[in-house]
Amino acid sequence: MAYEKELQVGIEASLSAAKLCQAVRGNIPDRIEKQDRSPVTIADFGSQAIICRALAEAFPNDPVVGEEDATALRSSEMSEQLAQVTEYVKQEIPNVSTEDVTQWIDHGNGEPSQRFWTLDPIDGTKGFLRGDQYAIALALIEEGEVKVGILACPALSLDLAPPLNEEGLLFVAVRGEGTKVRSLKTDEFTAIRVASPDDEEHLRFVESVEVAHGDQSQQSAIAQQAGIKSPSLRMDSQAKYGAVASGAAALYLRLPSPKQPDYRENIWDHAAGVIVAEEAGGRASDMYGKPLDFSVGAKLFQNRGVVVSNGSLHEAVLAALNK
Ligand SMILES: Nc1ncnc2c1ncn2[C@@H]1O[C@H](COP(=O)(O)O)[C@@H](O)[C@H]1OP(=O)(O)O
Ligand SMILES: [Mg+2]
Ligand SMILES: [Mg+2]
Ligand SMILES: [Mg+2]
């Protein structure tokens, strides 16, 4: 199997980060506001610290392009939060100092290069704070192509055969080798496939819970034109990619919000999810049918909107979008 060491290190670190996130969520943490006014929590920081530490140790030459950074956390106004992050990280890694934690977090300030990792330590922070879905999303990118995706969804369970019906799922994909899933609690993997074209029961679509993250009225209209009759399943985070990859839904739509026409998607919000869906037999593109281009920096500057399907539905969706 390819990328064995990457998988072993990435999976172990993601499981440890998932444990930290669930421990923090035991008593819903404060919402900290970032400069762009989006929320972050002590769990986002702790998760990034744990995963960056593991990657720095195992792959010292690989840059990590992560969402968070420790600048604000180092300031005196946030010393209490930094102490809390450090306490939670200590439950996973003994004997760490606040300085270790901030240094590990800042290891995620790398730049995209020929080979690099991209990390969203909590994807769907708003879902995390609401008690809904969130994910820990890690991907390895080489020559602009996603090669490995590791997607932990600690609160997800799907109305499908075991292990998908258990709460807490880990999706793993390697380019050319398929997608598999396991429960966070057991270490046995099962291969998964997208919904087949004749699966009427799962002919439905997923979209964000957050109205501001897309264009829900257009998303509904397009899904209907593509032959989907049931209402959407609303879900936070890249868990939506897991829903398509395992056949719980046939389509994920994320169309540009009319209120934020210039929004560009971050690579860490999609890389792991895209390979999980593609390797399960699905297809991912932007709203014009262009493949998502992970070779142009930390954002998907060459793409607008995201369409992820079981493959068979894709052309009908693109046709509806480009009418
Ligand atoms: N204004 C926005 N438009 C689109 N996506 C956003 C916006 N703000 C944050 N996000 C990102 O959307 C993703 C989750 O949203 P959704 O549940 O809608 O799919 C997250 O990656 C979130 O980042 P974050 O990792 O900070 O939570
Ligand atoms: Mg965020
Ligand atoms: Mg995100
Ligand atoms: Mg995030």
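Glycine is treated like the rest: Cβ placed from N, Cα and C.
Per TrEMBL, the features are as follows:
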type	residues	note
BINDING	Glu67, Asp120, Ile122, Asp123, Asp269	Mg(2+) binding site
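Distribution of TrEMBL features across the structure.
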residue	record	Cβ within 10 Å
Glu67	Mg(2+) binding site	24
Asp120	Mg(2+) binding site	32
Ile122	Mg(2+) binding site	32
Asp123	Mg(2+) binding site	29
Asp269	Mg(2+) binding site	22
Filtered binding-site residues, from Glu67, Asp120, Ile122, Asp269, whose Cβ is under 6 Å from an atom of ligand 4: Glu67, Asp120, Ile122
DSSP state at Asp269 (Mg(2+) binding site), helix/strand/coil: helix
Extra residues within 8 Å (Cβ to Cβ centroid of Glu67, Asp120, Ile122, Asp123, Asp269), Mg(2+): Asp44, Leu119, Pro121, Gly124, Thr125, Ala135, Ala137, Ser237, Gln238, Asn266, Trp268
Coarse DSSP state, helix versus strand versus coil, of Asp123 (Mg(2+) binding site): strand
For Glu67 (Mg(2+) binding site): DSSP state (helix, strand, coil): coil
Where the C-beta lies under 6 angstroms from ligand 3, the matching binding-site residues among Ile122, Asp123, Asp269: Asp123, Asp269
